[in-house]
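Each remark here refers to the structure printed beneath this line.
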Amino acid sequence: MNRRYFTLVIGVILITYFSLTFSIPLAENKSLAFSVPIARKENIDLDYRLPDDIRPDHYNIILRPYLLESDKTKRFTFDGEVFINVTVVKTTNKIVLHSKKLEFSKREYCEDVGMRTCYDLNPAEPDNKTDIVTYNLERPLQVDAVYTLHFIYNGSMDNDMHGFYRSSYIDSKNETKWLGTTQFQTNHARRAFPSFDEPKFKATFKVTITRHRSMKSVSNTNLVKTVTEGDQYYTDEYEVTPKMSCYLLAFIVSEFNERSNGNFGVLARPEYYMQTEYSFDVGQEILNVLDEYFKLPFYTTGINKMQMAAIPDFSAGAMENWGLLTYRERLLLYTEEATTLHVKQQIAAVVAHEQAHQWFGNLVTCSWWSYAWLNEGFARYFQYFATDKVEEEFELDKQFVTEQIQTVMVKDSMNDTNPMSDENTNTPSDLNRMFNSISYNKGAAFIRSVKHIMGEKKFQKSLQDYLKKYKYENTVPKDLFEIWKTHMENETLAIADNFFSDFTTQVGYPVVTFNMTSPNQLEISQERFLLKDNDGSDPKLRYVVPITFTTDSEKDFNNTQPKFFIEPSQVNKIVRFPNNVSWIMANIQVTGYYRVNYDEKTWHKIHHALFEENWSDIPDVNRAQVVDDLFNLARSGTISYDLALDVLEYLETETDYLPWFAALNGYSFLAVRLGTDTSNFASYFRHLSDRAYRKLGIEQQQDDTTLDVYNREQILNWSCKYGNKECIEKIKTYFDKDLTSNPVPINIRAIVYCVAMREANENDFDKLFKKYQLETVATEKTLILNSLGCVKDKSLVTKYFDIIISDEIRRQDKSSALASLYNENNENVEVVFDLIDAKLDQFVDAMGDYSAAANSISGVASRFTEKSQEQKLRDFNTQHKTEFGDAASTLDTAEKIVAENLEWAENKLSTFKSYLENRAKSSSTRNAVNTVIVYLIAVLTVATLIKM
């Protein structure tokens, strides 16, 4: 055999090998785009709103909490007295305000501030739904007259994390320490003092608190003086606040220690003092960024100090009380040894969010919760913008796309979405609904889109003007829009009102299709994007859409100024290019709030471009956009799954965080639908992620970027979960060591604990749970709590469920702990539901109420994949629905979600399964061919050597 012949044979073999291995034909698009509807809103119920007849001007609040065992029968109650100065706006013979769970010993109103002429108010009880109490008067109150309302009362300090409530912790001496703290947003100030508990009723506040000498108090403003009350008590009097909404008032009575420089401080239980340094430092840096950006320094707005407090029991993630910001401990406390980089980012970002509220929400406040996005959208936007200025390595400008825009788009393409500005907001459930991802994520995405339309400098100046004009006042969206319009160019001004209206008063968003009708002509069209057909939504909605794109010859991914806008009245927009175009990429940096679809040929070309070196210079943000759009376009039926999955094969070359983040979100939906039938998917995923897995390795590298660290975490998690034996074996070795003397590297700790729990016996479980019990770092406790939910052994699932509904786990952490138990392993879903059913009364008590229990049940049911499971839910609802009261609607919704998921699976899951099966067969063929090739090469090599 001569060398030329040998080379030829080897060449043929290799060509055959590579053609079998890498030939990925793109499937024909067999699906048509479709659109869908929206549920009708309930009628507006004005009874939940106070009349405008009386305006509060000032509250003087005097409180004495009872937190000690020596307080005996009064323990966990408080005494209160309040003087409310009011001005009459309209003649009225009623005084109408809010009160809840307060018992009064004195109720009167006085005709002047000096209280020289006072009249008793007739006893009246608040409505048990609206919390409104109406006092009918014998003589009318006169317009412009000033009156003082005076109440003496007592209330209970409950443990439900609302109003003026109690919290506790175990100190270093193993003693239980109690504290009193507040959470008033949205409608809980009325539980601490009778009040006009709506954001539009702004007033000033003076707080006076009597506390035991072993404790300290803090409030929104600085302490004026402390007066001794006998041997054991002190009374603290605080400065008057600026004019503000009553939900922003706050006070804490505790034994906390404070890290402070005089006007900026962080408070926490004494044992956690050393964990306050990072938030203390980063908090001041972020505050400086915001001061400079708004040109309205915080300390000049009427409160000349800022304190941030870590609360052991806290229902929200954090709260922006003016000058006294409160947080869950895990969102404020940090140690380098026991806090992951991701959680460090979260701490900085949440600090930025609450600090941004000091301007957007506190200084300028939405007039009603219908416009919560005016508060929350800006806070979420600056949560990323301000943190990015201080902690640049987090690259939060990029993460905004995957964490905020892509996550909210799923909700906003369903029939239960709501508009950003929702006039139908009155009941407590309405209020809760407005604090969802539409107000936060979509609000921030909308604001970011406006920034890119206007340009950064004009956008910044517009916000400075807005804050200056409306400080200490309430606003509606139109007030903001009018300011924005004064900073816009004429061509943008023409569409501004419609653009603002389309994305704030309408629900949803569009999918914009870019159709290359010829190599140099582009046709652009839009329709509303919906994930499900015929679900009651309105498919006819259209939007003013800012269009950006670049081509293969330009590759300009930096210019985010819109080239033009397409309007609802336009059927198609035609764009002609001077030269032929191979591919285009639209919605640069995802600055517009819309999805992008292409004609099938262009998808082919994007597919091939992504296989080129450096992904043809398409940046990671837009690659993540391509991934997310593909998954959702296929899920909706706009394109076929064959097409989407074929393009997504490019992921075998992908090693960056953002595209993989988007991909894992997309695969999560599909993996859940597979139930326990995941063997082909596991093989598919292992192949697709192999390059990323090999590049990232197990442990952190010296040249890792922050996003590399995050990517390693998610790739390792999925690789181990879906059967990468090397991953599992290497990760398990960390857990087998003594966790105290050999701590697991912090940024893979969650994966190590989770993998160990999947394989755990009872001793392994007890080992990790014991670590949870002894842990003194809040972020590590949270990490362990969620990792324990990775157990698969049925007896351990039951054991952990029993722990969750016991007092071992704080109520604020129960829902996330439970979610980890059914989210981490599909096999656990039905087991958890059965446990809830069997121990329902205990479960409801543990969660706090039927509403919280219903939300958790809905979460479990959302992962049902079998008809038998659907029937279980129906049987459960039939038996228990009456017990759930108003929360029964959540159970009804859960039934609907399960039915929709099963319908989707029936119509579309088979396509995904077939794709996986064909790929598995192809893989088997490749393996067989590989074996033959290796054998042939060996034979030919030997033959050649013999000839030589």
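The first residue you see is number 1, and the count goes up from there.
Heads up, the Cβ atoms here are built off N, Cα and C, so glycines get one too.
Please treat TrEMBL annotations as automatic predictions, because they have not gone through curation.
Together with H353, H357, TrEMBL lists one candidate of E329, E336, E376 for binding Zn(2+), that being E376. According to its DSSP assignment, H357 (Zn(2+) binding site) is coil. Taking Cβ-Cβ distances under 8 Å and a sequence separation of 6 or more, the neighbours of H357 (Zn(2+) binding site) in its chain are E320, N375, A379.
The average pLDDT the prediction assigns to the domain 'Aminopeptidase N-like N-terminal' (56-248) is 97. In sequence order, W373, E376, G377, A379, R380, Q404, V408 constitute the residues six or more apart from Y440 (site 'Transition state stabilizer') in its chain with CB-CB distances below 8 Å. Taking the mean position of the Cβ atoms of H353, H357, E376 as the Zn(2+) site, the remaining residues of that chain whose Cβ falls within 8 Å of it are E320, E354, A356, F360, G361, N375, F378, A379, R380, F382, Q383, Y440. The candidate set comprises the recorded positions H353, E354, E376. Of these, E376 has the most other Cβ atoms within 10 Å.
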